[in-house]
Amino acid sequence: MILIEGIAASPGIAIGKTLLKKEENIEINKENITENEIENELEKLHSALDDAKESLEELRQDTAEKLGDEKAEIFAAHLMILDDPEVIPAFENKIKDDKLNAAAAVKSVVDQYAAMFAAMDDEYLRERGSDIKDVGMRVIKNLLGVNTISDQIEDNVVIIAEDLTPSDTAQLDTDKVLAFLTKEGSRTSHSAIMARSLGIPAVVGLGTELLEKAENGIEIIVDGNSGKIYFEPDQTTLDDYKVKLADYEAELERLLSYKDQKAASKDGYEVEVVGNMGNLADVDPILENGGEGVGLFRSEFLYMDRDQLPTEEEQFEVYKEVAEKMGERPVVIRTLDVGGDKDIPYLDFPAEMNPFLGYRAIRVCLERDDIFKPQLRALLRASNYGNLKIMFPMISSVRELLAAKSKLAEVKTELEKEGHKFNQNIEVGMMIEIPAAVMIADHLAKEVDFFSIGTNDLIQYTVAVDRTNEKIAKMHTPYHPAVLRLIKQTISAAHEAGIWVGMCGEAAGDELLLPFLLGAGLDEFSMSAVSILKIKEILSQWEKSEAESEVAEILALSTVAEVKDYLTKLKK
Ligand code: PEP
Ligand code: MG
């Protein structure tokens, strides 16, 4: 048995057989052709290009239906590569001038482009390099009559790959593919995001060990909850995991009974349990898991994977669709939170020494009407179609909040003049994710309708721990007594000012922390769809007053370990 650990990117457990998707080293024989063969090779090339376009168009439509328009955009980009006025003649010239056969011609051009992009510092452009490779491989496979990965898949397989391209991921048949593992990637890589949307377990960032140790067709266990994978597990581990898998499935089934139940404590104290989303495909899972709305729509995802700003109209369509799908349920849309680890390459911001402390989020928006105003206009116009609320990220001072509100007022006046309808009384809130904001929460609370605590950043700024650095990942914990005090302080300040307060950082879905948050008076808990049902269940096991009586005890503890211990003992 071999155990390897990686990054748990999508939860769940799978027991199956490995299917290795090795970097395709397709042999291209007899590369050189004679003068007489040129015409024939050009014909073959164009027919392979047409086939590739046809299958990409099918994929685009399929993906749009299964995962939403946004996820399908990548294939539109691939189609564009095949229509590129430079690329096609480059293929043809390799055949005509260098006398390469069609497959070798495509490979030579694609390798050239891919190498050029791979050498770039910019992550976005490097990704474009893999798009070109992806498209090129599709054409070459057509030329050589080689099957794609989806053709080789038998039942119950776990795909193992260096990295999966979005087209590979979208083509996976989830009836047959139990899970996937990649050498590269992070929780926010394309394929990880897709895995969560598809609802299959995934472990990524497994490193070179993965491909060294993996063999085709051997038994494997994937634990998407812990990030552990076991090749050829011994009988005890296998038996253990069979039980774990059955338990996990039974647990999911059992938790469904909370789907339509109002989130409330044992004694009927109601709170809201809602979902976090990044794009349209995340809406259905939130509803299927009993989410009572959206507590955080990270709008920046609309700005990624493209090469220019989304227009007001494009944004309006997306916000409107979410609002309509959610009906009366609340939907909190956060304005653009670019910067930190969320780079938007086409905005061309210079590299910074400390990007998390730098030019990001509201700081950018307040300086860039060309970015901020179209978004505010789109949000307001969409407010006509559902229960939308607007939230500003990274507020560190009253000045920033007032400036953001004044932009919103300006946009309202413009829309009114233009005769647009929108919700004049749309709720406006702000993220509490900077300790400075907690310290002046009483002032800030006078200016907004709600707060939402962003623990991911609040922890980072409070404990001075980079949230993306795996070396110090253990320090990034909501159990730090300082973080707990800041949370309590924020909730109290909000309630004193008569506004509601939610939490949309990962801590909102933390099972151990729930009694503390309930007792401290949190009104809304926003988390990824997969956590919603469990949190609803734990809530239903606690009486509000019982949770309240624990708060002072927890706040008196002095170390992370003590807090964790204490919370673990409270577990029901
Ligand atoms: C947070 O900081 O807790 C948060 C919810 O925002 P993000 O993770 O997008 O920075
Ligand atoms: Mg944040």
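Using the three backbone atoms N, Cα and C, a Cβ is placed for every residue, glycine included.
Unlike curated entries, TrEMBL annotations are predicted automatically.
Positions annotated as active site, tele-phosphohistidine intermediate by TrEMBL: His190. Annotated active site, proton donor per TrEMBL: Cys504, in sequence order. Residues annotated as phosphoenolpyruvate binding site in TrEMBL: Arg298, Arg334, Asn456, Asp457, Arg467. The Mg(2+) binding site annotation in TrEMBL covers Glu433, Asp457. The feature coiled coil is assigned by TrEMBL to 21-73. TrEMBL lists 5-128 with the feature domain 'Phosphotransferase system enzyme I N-terminal'. Under the heading domain 'PEP-utilising enzyme mobile', TrEMBL lists 153-227. The domain 'PEP-utilising enzyme C-terminal' annotation in TrEMBL covers 258-542.
The structure, with features from TrEMBL marked on it.
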| residue | record | CB count, 10 Å |
| --- | --- | --- |
| Arg298 | phosphoenolpyruvate binding site | 19 |
| Arg334 | phosphoenolpyruvate binding site | 25 |
| Glu433 | Mg(2+) binding site | 26 |
| Asn456 | phosphoenolpyruvate binding site | 16 |
| Asp457 | phosphoenolpyruvate binding site | 21 |
| Arg467 | phosphoenolpyruvate binding site | 20 |
| Cys504 | active site, proton donor | 29 |
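Using CA atoms as reference points, the recorded positions Arg298, Arg334, Asn456, Asp457, Cys504 were checked against Glu433 (Mg(2+) binding site), and the closest is Asp457.
Residues in the domain 'Phosphotransferase system enzyme I N-terminal' (5-128) partition by DSSP class (helix H, G, I; strand E, B; coil) as 80 helix, 16 strand, 28 coil. Here the binding residues for phosphoenolpyruvate are Arg298, Arg334, Asn456, Asp457, Arg467. Their largest Cα to Cα distance works out to 20 Å. Close contacts with ligand 2, defined as a Cβ under 6 Å from any of its atoms, occur at Glu433 among the recorded positions Arg334, Glu433, Arg467, Cys504. Taking only the Cα positions, the spacing between Arg334 (phosphoenolpyruvate binding site) and the residue listed as 'active site, proton donor' is 11 angstrom. Here Cys504 (active site, proton donor) is positioned 9 angstrom away from Asn456 (phosphoenolpyruvate binding site), judged by their C-alpha atoms. The secondary structure of Asn456 (phosphoenolpyruvate binding site), as reduced to three states from DSSP, is helical. According to DSSP, Arg334 (phosphoenolpyruvate binding site) is assigned to a strand segment. On the backbone, the CA of the residue listed as 'active site, proton donor' and the CA of Arg298 (phosphoenolpyruvate binding site) stand 10 Å apart. Ligand 1 lies under 6 Å from the Cβ of Asn456, out of the binding-site residues Arg334, Asn456, Arg467.
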